[in-house]
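Here is the structure we will look at.
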Amino acid sequence: MTNQQMPSGHSLERQPLSLLCLAALGVVYGDIGTSPLYVMKTVFDPIHGLAVTESNVIGIISLIFWTIMIVVSLKYVTLILRADNHGEGGIMALLSLASSSVTDRPRLHNILFLIGAFGAALFFGDGVITPAISVLSAVEGLEVATPLLQPYVLPITVVVLIALFMLQQRGTGGIGALFGPVMVIWFVSLGLVGLINIAGAPQIVAAFNPMYAFAFCISNGWLAFIALGAVVLAVTGGEALYADMGHFGAKPIRLAWYGGVLPALTLNYLGQGALLLANPAAISNPFFLLFPSWALYGAVGLATAATVIASQSVISGVFSVTRQAIQLGFLPRMQIRHTSERKIGQIYIPFVNWTLLSVVLMAVLGFGSSSNLASAYGVAVTTTMVIETTLTFFVLRYVWNYPFLLGILVTAFFLAIDSAFFSATILKVAQGGWFPLVIGSVIFFIMITWSRGRQMLVDHLRSVAIPLQSFLESLIAHPPTRVAGTSVFLTANPDGVPHALLHNLAHNQVLHERVVFLTVTYQETPWVPVEQRISIKPLMENCYQITVRYGFKDEANLPYALELCEPHGLVFEPLRTSYFLSREIVVPSPGTGMSLWRERLFAAMVRNASNAAEYFKLPANRVLELGARVEI
């Protein structure tokens with residue numbers, strides 16, 4: 001099987017289970033694995049008014065532990081990991097799985113797509129906050145080592161982040177092999193320092209009893225509700241377990257969770273709780289104060305490495321979601337570079353990378369500390385949790401055929417928990433929660449504007465197109481001069497004559513001896529099997545209609561797709577094949593459709609979209625692009 005036939009995520013499945021578990025530690029668990037850096041510090045932030053008492057500390061640790069057990073272990077590891085879409089996970093895969101189950105109800109199908117698109121848009125907000133809060137919280141450990149380094153925390157954070165984003169264009173294939181071993185050292189360190197500190201206040205193990213979590217909520221009332229907005233930070237990154245399922249498979253992710261990550265996180269949170277019971281003043285930075293003074297600089301270095309790895313996973317996820325959104329028709333084409341010759345899933349999108357870096361630096365410099373950023377973190381995460389739980393209902397009911405009542409009960413249980421966390425984080429909108437919401441809302445608005453604009457453009461082109469059948473019949477009545485070679489006309493409308501063909505005939509008065517009308521369609525599925533990639537329909541006068549199908553995670557390569565026509569008797573010689581593309585120049589006009597300013601935004605996106613020839617891997621010296629003005 002060639003590289004183009006192999007789905008990018010499935011090549012890892014041939015590796016031994018132990019290596020897959022190690023790789024999963026380095027990719028999947030970076031985000032949730034670095035949460036202990038800031039969760040306890042945020043919960044007991046003086047601004048929240050929660051006192052560092054024994055009952056509160058044990059109650060909070062109990063709340064954190066059971067939140068991890070219910071949200072991560074039960075919802076994601078046990079339930080949602082079963083919802084694989086051709087082996088793939090993530091919100092786009094869950095969206096396509098849920099929406100494909102209600103295709104007979106177009107209105108509901110469209111609503112689900114909008115909900116899923118908003119969830120994907122919020123992921124961009126997460127892509128900003130995660131690198132900012134993770135790296136900043138790690139570097140803040142220098143303040144614990146010596147207060148004299150406090151003025152250097154922000155500059156060091158900025159330098160680390162700039163270096164991280166500059167690395168993206170080179171790819172992480174070389175150093176990526178170190179991610180797993182580094183995270184193993186990280187999780188072992190988490191568990192070890194936690195265990196050592198538990199010995200100083202063993203009564204903290206009472207937190208395993210969920211009654212302490214309930215008692216904390218009842219006795220503290222409003223303060224407990226506010227604390228939920230910080231407790232939820234302990235499960236940020238939990239969605240990565242599902243998002244990265246296509247790379248590693250469900251079994252290695254489950255084994256890595258129960259065999260390494262969950263015990264390490266549990267011991268570390270218990271250790272922080274024990275430290276606070278023994279020394280309430282340690283709330284200034286309970287994570288780094290777990291370490292002996294001689295190990296602080298090493299701990300800061302290790303934490304920085306772990307947060308860089310966590311950030312790398314999120315950045316790669318943003319690139320992946322961007323490409324999926326492009327192929328599902330939610331975003332304009334962008335320049336996509338491949339950073340690995342062996343794994344086609346490793347991509348780099350320059351525009352997204354530098355835009356993301358700019359906004360991340362704004363977040364770091366604007367919020368100034370991990371405590372301030374924590375207020376901005378939870379809103380996008382809890383909104384995504386609510387969306388994924390909602391989509392899961394449709395999988396339970398219509399894909400797995402659960403009884404309606406059982407589907408409602410399961411969904412209601414998780415929605416009640418997600419909604420409690422969501423409500424608590426909404427309280428922080430004014431303190432910074434607005435930041436990821438604004439990012440997500442702007443991206444969502446761009447997505448629906450592009451999707452609506454493309455539909456308007458396609459509808460207009462269909463309405464003015466000459467029917468293909470009539471055109472072919474006219475070739476018999478008035479045959480043009482035919483020249484040697486093959487012409488391939490890309491068209492979104494398989495029933496109409498492409499504008500590029502009409503322009504070519506009008507100006508050159510010739511037609512190639514073989515003409516192909518090629519339409520690319522993207523399915524609501526991650527991968528399309530290679531045997532289903534193409535369909536060929538012979539037309540009259542040596543003309544053919546070819547449809548190429550891709551999934552939203554497939555790599556588009558039209559010359560390779562045309563090679564698949566050889567068993568059907570169609571051979572495309574590269575030096576005798578020319579590709580003709582139409583490039584629409586959109587002219588906004590008042591009237592029906594979108595508001596004029598949205599049409600202008602759409603026109604600007606069309607102008608700045610990357611070249612279709614480059615996107616579809618067409619040979620540059622065999623492409624002719626013809627423009628056409630279109631009013632919408």
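Glycine is treated like the rest: Cβ placed from N, Cα and C.
Pulled from Swiss-Prot:
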type     : residues : note
TRANSMEM : 19-39    : transmembrane segment
TRANSMEM : 57-77    : transmembrane segment
TRANSMEM : 111-131  : transmembrane segment
TRANSMEM : 147-167  : transmembrane segment
TRANSMEM : 175-195  : transmembrane segment
TRANSMEM : 213-233  : transmembrane segment
TRANSMEM : 257-277  : transmembrane segment
TRANSMEM : 286-306  : transmembrane segment
TRANSMEM : 347-367  : transmembrane segment
TRANSMEM : 376-396  : transmembrane segment
TRANSMEM : 404-424  : transmembrane segment
TRANSMEM : 429-449  : transmembrane segment
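Remark: the transmembrane segment (404-424) contacts the transmembrane segment (213-233), by the rule of 3 or more CB pairs under 8 A. Away from its own ends, the transmembrane segment (213-233) comes close to residues 35, 38-39, 42-43, 45, 48-50, 55-56, 58-60, 62-67, 207, 374-375, 377-378, 381-382, 420-421, 423-425, 427-428 of its chain (Cβ-Cβ under 8 Å, at least six residues beyond either end). If you look at the transmembrane segment (347-367), the same-chain residues 6 or more away from its ends with a CB under 8 A from one of its CBs are 124, 127-129, 131-132, 136, 154, 157-158, 161-162, 165, 168-169, 171, 315, 318-320, 322-323, 334-339, 373, 376, 432, 435, 439.
Here the transmembrane segment (286-306) does not lie next to the transmembrane segment (429-449) in space: the count of CB pairs under 8 Å, restricted to residues six or more apart, is fewer than 3.
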